[in-house]
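One structure below.
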């Protein structure tokens, strides 16, 4: 009996050692291997009826067959926009025909302003809705520090002052309330569609009218192939952002979302109210406004999804399905910008 007990202990010791070495190996060398294997996870299959949703004339007839390796539509028939499945010229012509003005909002508070804003705006002038009427809204606590950017014809920049919060989390959480107020004011009066973006990224490819729709969500670059039970939704049932284990469709990135003024008013009101209820209960969602955004998109399905090509993180490494990144994340220097 004593001999059997000794053998069992040795076996357990070896198992623990192997697990420890395996975890260490993945930590040191295995991220790219794991990400490569992740590419083998199927994204799902489009429903038989793949007609575009009513009211979306910008992408026309989508060539779903052109990208068989990825999911190009949702179960509720919303298109997922990947490079190669749409005609960019058709989208541009439709936007010009409707004589649209497109808003682009960005928050540059504290050190985020000098670190990221100038590169963000300069790259937007090169790639965001080129040839369209655009109005930039920069929300900042230092209006006088906003850099001068040479703008193209039909493109305007407006600076809106905001208070600087004591915590970076509060800056993120206050965004939805501020956007809701702006959409009910001058921004909502002069723009037909609006995109709301984080400042710590820059444009590298054409981000055109193919992205327009009534309610637009961005697939998160780190989570678009993960099974639903692994997605980082808010799980605390006390939170207004909470989703149950059987709930959720995709995980959406709060760095990019957009839509019509009316749809975004509804979205921002929902998120701001959820954040207020959480504060009253003394809790805070895990991923702040992004958690509430994901709850909203579960309840009210987006009419168009942007593939990770529209907001990509180079730290993930090479992926064969990422043909033409439109936005790239900047290096996250939190120790610098959040202090």
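Quick reminder: no glycine exception, Cβ is built from N, Cα and C everywhere.
Residues or ranges marked as transmembrane segment in TrEMBL: 12-30.
According to TrEMBL, the feature UDP-N-acetyl-alpha-D-galactosamine binding site maps to 107, 108, 109, 112, 198, 199, 200.
The Mn(2+) binding site feature in TrEMBL is assigned to 198, 200.
The active site, nucleophile annotation in TrEMBL covers 290. Every protein chain considered, the tally of other Cβ atoms within 10 Å of the Cβ of residue 290 (active site, nucleophile) stands at 23.
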Rounded distance in angstrom between the Cα atoms of residue 109 (UDP-N-acetyl-alpha-D-galactosamine binding site) and residue 290 (active site, nucleophile) | 18
How big is the gap, in Å, between the Cα of residue 200 (UDP-N-acetyl-alpha-D-galactosamine binding site) and that of residue 290 (active site, nucleophile), rounded to a whole number?
-> 16
When the Cα of residue 290 (active site, nucleophile) is compared with the Cα of each of the binding-site residues 107, 108, 112, 198, 199, which one is closest?
-> 198
